[in-house]
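Each remark here refers to the structure printed beneath this line.
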Amino acid sequence: MGTQPMTDRLNRPFRDLRISVTDRCNFRCHYCMPADIFGPDYPFLKKTEILSFEETNRLVHLFHQTSPIKKIRITGGEPLMRKDVDQLISMLTATTGIEDVAMTTNGTLLPKMADKLKKAGLKRVTVSLDSLEDEQFGKINGRGIGTKPVLDGMEAAKEAGLGVKVNMVVQKGVNDQDVLPMAQFFKEKGYTLRFIEYMDVGNSNGWRMDDVVAKRDILEMIHKVHPLEPVDPEYPGEVATRYRYKGTSVEIGVISSVTDAFCTTCNRARLSVEGKLYTCLFATKGHDFRELLRSGASDEEIQQKLAAIWHVRDDKYSLKRTSLTNKRKKVEMSHIGG
């Protein structure tokens with residue numbers, strides 16, 4: 001394994017890898033998988049089209065040998081809908097030695113999976129919850145599901161020994177009134193809550209700039225009631241700007257891809273469930289590694305392809321975002337993870 005990470009054209013290292021393990025989800029959140037598009041007849045991927053755990057593990061092992069990966073995040077869709085996903089986590093931690101393996105989930109399946117995930121080597125979960133109001137949350141998730149299954153999932157993860165963070169996508173006129181109640185609730189719980197600016201990911205969510213609640217407005221709302229102080233990032237390229245409630249150890253974070261983009265330090269790649277590598281969340285196309293795997297490519301050929309892709313990477317979509325760039329066809333977030 002090389003001791004130094006590869007860098008791209010903007011001198012950004014390849015440090016983090018997000019792995020989507022399914023394109024399916026039991027929610028239909030309108031900003032990700034709206035029900036009118038992802039309905040009963042939607043053509044989800046067939047089993048033969050998605051990477052097996054063995055194929056995924058081989059790719060990650062080779063990627064890690066090419067450029068040391070510091071963190072893996074398992075995503076979806078809803079990753080816990082992939083049968084035996086804990087087995088993949090066991091394989092990844094055993095084969096690569098990468099210790100920082102996390103998962104983003106809606107939390108509803110954690111009560112029956114948390115112990116297995118912990119034993120497999122998962123370190124923490126980030127659970128998505130956009131409101132504490134059952135009716136409002138049910139509208140957002142498109143399934144009428146209240147908050148209890150998600151909150152129960154968080155508790156199950158905590159009891160299993162997993163770290164827990166919470167993500168909230170904030171949309172003007174939808175759930176911006178919930179910013180303060182969420183902040184208060186999770187401050188008392190002691191969980192880090194991260195507010196995410198509503199982003200133009202994919203092509204299905206009808207994104208408009210007018211629907212974005214800016215980082216500065218989120219912080220102002222909270223700081224007036226719960227004074228905050230800045231916290232230094234844990235590592236270069238950390239996506240969330242971190243703050244701590246004064247007089248406590250409890251933190252919040254803001255992920256501000258729209259109003260305060262972090263493209264210049266982005267060190268992440270995304271491996272989709274069918275084996276395409278994307279070098280940006282807002283990418284229009286991916287690089288096919290499944291075909292390489294299934295055509296008998298050697299380890300060296302796979303590593304060479306990864307290096308060639310990363311060395312010419314120059315993505316900086318969020319720094320160039322306009323009403324015109326928003327119209328270009330992008331891969332859906334449910335396909336490559338957030």
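Yeah, the Cβs are placed from backbone N, Cα and C, and that goes for glycine too.
Annotated features in Swiss-Prot:
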DOMAIN    9-229  domain 'Radical SAM core'
BINDING   Arg18, Arg73, Thr104, Lys165, Arg268, Ala269, Arg270  GTP binding site
BINDING   Cys25, Cys29, Cys32  [4Fe-4S] cluster 1 binding site
BINDING   Tyr31, Gly77, Ser128, Met199  S-adenosyl-L-methionine binding site
BINDING   Cys263, Cys266, Cys280  [4Fe-4S] cluster 2 binding site
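Shown here: features listed in Swiss-Prot, placed on the structure.
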{"residue": "Arg18", "record": "GTP binding site", "Cβ neighbours (10 Å)": "21"}
{"residue": "Cys25", "record": "[4Fe-4S] cluster 1 binding site", "Cβ neighbours (10 Å)": "23"}
{"residue": "Cys29", "record": "[4Fe-4S] cluster 1 binding site", "Cβ neighbours (10 Å)": "23"}
{"residue": "Cys32", "record": "[4Fe-4S] cluster 1 binding site", "Cβ neighbours (10 Å)": "23"}
{"residue": "Arg73", "record": "GTP binding site", "Cβ neighbours (10 Å)": "21"}
{"residue": "Ser128", "record": "S-adenosyl-L-methionine binding site", "Cβ neighbours (10 Å)": "21"}
{"residue": "Met199", "record": "S-adenosyl-L-methionine binding site", "Cβ neighbours (10 Å)": "21"}
{"residue": "Cys266", "record": "[4Fe-4S] cluster 2 binding site", "Cβ neighbours (10 Å)": "24"}
{"residue": "Ala269", "record": "GTP binding site", "Cβ neighbours (10 Å)": "26"}
{"residue": "Cys280", "record": "[4Fe-4S] cluster 2 binding site", "Cβ neighbours (10 Å)": "21"}
Go through the binding-site residues Cys29, Tyr31, Ser128, Met199 and tell me which ones have a CA within 10 A of the CA of Thr104 (GTP binding site).
Ser128
Near Arg268 (GTP binding site), which binding-site residues out of Cys29, Tyr31, Cys280 have their CA within 10 Å?
Cys280
Arg270 (GTP binding site): which of the binding-site residues Cys25, Cys29, Cys32, Gly77, Ser128 have a C-alpha within 10 angstroms of it?
none
Just to be sure I understand: of Cys25, Cys29, Cys32, Lys165, which binding-site residues have a C-alpha no more than 10 angstroms from the C-alpha of Gly77 (S-adenosyl-L-methionine binding site)?
Cys25, Cys32
Taking Cα atoms as reference points, rank the binding-site residues Cys25, Cys32, Lys165, Ala269 by distance from Met199 (S-adenosyl-L-methionine binding site) and give the first.
Cys32
How many whole Å apart are the CA atoms of Ala269 (GTP binding site) and Ser128 (S-adenosyl-L-methionine binding site)?
21
Sort the binding-site residues Ser128, Lys165, Cys280 by C-alpha distance from Cys29 ([4Fe-4S] cluster 1 binding site) and give me just the closest.
Ser128
